Amino acid sequence: MESPPSSFSTFRSYLRALAQTPSRFAHRAPSVSSSYEELSWVKSRSGSNMHKSLRWYDLIGLGIGGMVGAGVFVTTGRASRLYAGPAILISYAIAGLCALLSAFCYTEFAVHMPVAGGAFSYLRITFGEFAAFLTGANLIMEYVMSNAAVARGFTSYLSAAIGIPTAKWRFTAAALPKGFNEIDLLAVAVVLTVTLIICYSTRESSILNMILTTLHVLFIIFVVLMGFWKGDWNNFTRPMNPNSPSGFFPYGPSGVFNGAAMVYFSYIGYDAVSTMAEEVKYPIKDIPIGVTGSVVIVTILYCLMAASMSMLLPYDMVIDVEAPFAAAFSGRWEWVSKVIGVGASFGISTSLLVAMLGQARYMCVIGRSSVVPAWFARVHSKTSTPLNASAFL
């Protein structure tokens, strides 16, 4: 089947398509694609194919790298102090189970239709193009905005690790409104560096992610061991203030589930792995192992971190909810706080890398569907990556 002429091919074509918007919307909005179309002529609009170079261990590394960012260092303290208390580790287990059930859905779709579109493609073959368009637009906005925030977070954690004030890495633009006028040069440098890497090769991106993720996991294991070594088991049931609710479940079952709702944020990232399905060698075998395996490993790590923090501090003593682990060690082992900053920096790097891989593949497949110019759908013949989409985003 031949591809229809692009509405973006010329300015006249665009104006003609704009005038036809009502009729074209009525025709396309409910139209449902098929997995065969997505895997054949829709995929061919990219020109070259993405190179199938990933295995299950690559997907596990990408999943862990995408999920274990700096979020766990923040959400754990807030959820423990306000909602769950020492039972925060149960909250992480519940949130992990929910993430695993959602990951099963992504896995089933990705095995059935191993293309790079992720949720956009899945909705396109089930609910139609309009639902897919809304989801795709939200996903792209989510990735772009969150990546910008994560990149700025890298500066904050690195500054804490090396003892240089964050303000030293930023300069103020007087012409911009207050609160939006601090330009972060280091964040820009990190984003550009990651962009060059993901444009060059998916395989090399995976190897770099594996190295950084391994280092980050080692830092997490170090924090866990320090917590179990220096902590107090009595903190699981005894608060510092006698007037605070006591016991392992100080706020009851509702507090545990409220905590689970908050910490679920820390699991966001496994969906980006499904966008790599087109580059997996053996999708039927590798995707289920990679996606579900990464969620299970991350759940175990999170539960151990939650238990470690609960041992270090009574839940009602978590004063700095934004940086509970660093606060737990400050004043006693300052060097551990700096180690945590280094580890968080590695985590931010990997989550940024995986997110930028995912956003480019979403944009590529949206381009294949002619919702945006087909230029975004092009896959470079030498690098076998969606270079245009990667560089633009």
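Cβ atoms here come from the backbone N, Cα and C positions, even for glycine.
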Among ranges 7-28, 249-270, whichever one TrEMBL labels transmembrane segment:
249-270
Any chance the transmembrane segment (153-171) and the transmembrane segment (183-200) are in contact, meaning at least three CB pairs closer than 8 A with a sequence separation of 6+?
yes
What same-chain residues lie close to the transmembrane segment (249-270): Cβ under 8 Å, and 6 or more beyond its ends?
63, 65-67, 69, 71-72, 75-76, 78-80, 83-88, 90-92, 94-96, 98-99, 102-103, 106, 239, 291, 294-295, 298-299, 302, 315, 351, 354-355
Spatial neighbours of the transmembrane segment (207-229) not adjacent in sequence (6+ beyond its ends, CB under 8 Å) are 57-58, 61-62, 64-65, 68, 197, 301, 304-305, 307-309, 311-312, 325, 328-329, 333, 336, 339-340, 342-344, 346-347, 349-350, 353-354
At a C-beta cut-off of under 8 Å, are there same-chain residues at least 6 beyond the transmembrane segment (183-200) that contact it? List them, or none.
147-148, 151-152, 154-155, 158, 169-173, 208, 349, 352-353, 356-357, 360, 380, 383, 385, 387, 390-391
